[in-house]
Amino acid sequence: MTSEPLLSDSNEKRCMISLDNTIEVCIGDFGWSQFVQVILVSLAWVFDAQQSFISVFTDALPTWHCINNNNNSSCQTYKNICDVPKDTWKFDLPTYTSVVSDWSLECSSSVITGFPASSFFIGCLVGGFVLCTLADSSFGRKNMLVISCLIMSITGCVTAISTNIWMYSVLRFVSGFGRATIGTCSLVLSTELVGRKWRGKVGIISFVCFTFGFISLPWIAYLNKGNSWRVLYLLTCFPAVLYSIIVYFFVHESPRWLYLRGHKEEFVQTLKIIANPATRRELSSSFFEALFIDLENNMSVSASRDLDLYSAVRLLIEKRWALRRLMTVVLIGFGVGMVYYGMPLGVGDLGFDIYLSITLNAISELPSSLIAFFLIGKMNRKGSLFGFSLLSGICSVGCALVEGSEGLKWFQMGIEMLSFFSACTAFNVLLIYTLELFPTCVRNCAVSMVRQSLVVGGAMSPLLVALGRNNSLFSYGVFGVCSATFGLFTVWLPETKGRLLCDTMDEEESLLEQAQVVDLK
């Protein structure tokens, strides 16, 4: 039996129903061109992960020991460095290995020592709201990805010359501001370069890259052990500058965005470049002329081309169904974010070696990415998100309840890793779910807002971790309650597994109306 040609009548009509089918048919199967594009775009998450958790090592309180002198008997009886006379103890490593020891902040309040980490997440929050719509409106996914990476990485390099905690905190804020849209632009761009068949797996590739970035950080930090904390910033940020240049010259813009913004020539050129060779020969000028006519007749795209800077936000607020979905996923993201960012920040308080603890947490994220990668096509979005959020919350609370028992120390570490694993998986599913819940014209903005809700949870984590150093109920307990409670909100979301991606608000409303008719029947 011979295969049906791409441009047969039936296939041509099927191709012209929506941009989703156009991308599916015109690009063809997932080939090397798409694979290279997806990998290049997804690598942004490696640098995103490193900058998200770098403060775990640069801002850590270094280990110390008592000096052998006449006063060391009193030194041995204290666990808090601030209760010990200055001349009776010494840091195990040179003072320049940590921000805390470099600027003599070991006895400063938790607000001061946690301020740089909080500044980074606050910068992410501000940057998310300021920059989130630029990728949907004027700049596009690719250009916004390059700009965000450059802001984060160049600022990270400049951070290495900080002279005090306040300059350091301001630079961390700017770095977070730039970092805010990296993950969003990368995820949306990579998934819009392929058809719906590969959308879920391509999205998971981004999360796998984030995992590798997280895993690489403790190893880079360990190899840098004994050297200045400034070197760690240079080792992680300078490669990101080079990466930004590569993306600018070798990555293509999303064909969806190009068409919706009226860049038809670039749209055609991009589809021809990333299509398989066999398919590319059939993408003639007459084919695209017919395609544009059909799409104009079947889509309300004229308004999409006139989007101003914050039109995407206005559309999300004006449409009641969109606002309801957005508020729901944002609340779920907040609960997941508290566990996702809070666990690595607080794991050092469990009494384990910090390099081992962070490595174990990073490793626990890898199976969550692999599970999502292989099962995302079969996973029910609602049930999976609810189940992993609930499991993460229960384990987080359990981690706080077994605190203080030496015999259960490794058990505590185990359920901490299970909680983090569940939060990672919920995080992965939530972003893929959000991609499918919103049309192209507001997708980047919606995903960005969900990521910002995760960051809000992350911004609160350093304070809760500081409060929980004497009682884990204030850290792990709060993390768990929020994750489990907000996870319940999934009941108000529609299932999107295997569904077409819509490109306009009208298309999404049409699907919603069809679903309501089916429910009534």
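Placed from the backbone N, Cα and C atoms, the Cβ positions cover glycine too.
TrEMBL labels come from automatic prediction, so no person has curated them.
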Feature transmembrane segment in TrEMBL, mapped to one of the ranges 354-376, 446-468:
354-376
CB contact flag for the transmembrane segment (144-167) and the transmembrane segment (410-433), at least three pairs under 8 A:
no
Check the domain 'Major facilitator superfamily (MFS) profile' (37-498) for me and report the mean pLDDT.
81
Check the transmembrane segment (383-404) against each of 202-220, 232-251, 322-342, 473-493 and return whichever range has the most CB pairs under 8 Å.
473-493
Which residues of the same chain, at least 6 past either end of the transmembrane segment (322-342), have a Cβ under 8 Å from a Cβ in it?
52, 121, 315-316, 385, 389, 392-393, 396, 419-420, 422-424, 426-427, 430, 433-434, 437-438, 442, 446, 449-458, 460-461, 464-465, 475-476, 478-480, 482-487, 489-490, 492-493, 505, 508
Would the transmembrane segment (202-220) count as touching the transmembrane segment (354-376), i.e. at least 3 C-beta pairs under 8 angstroms with sequence separation of 6+?
yes
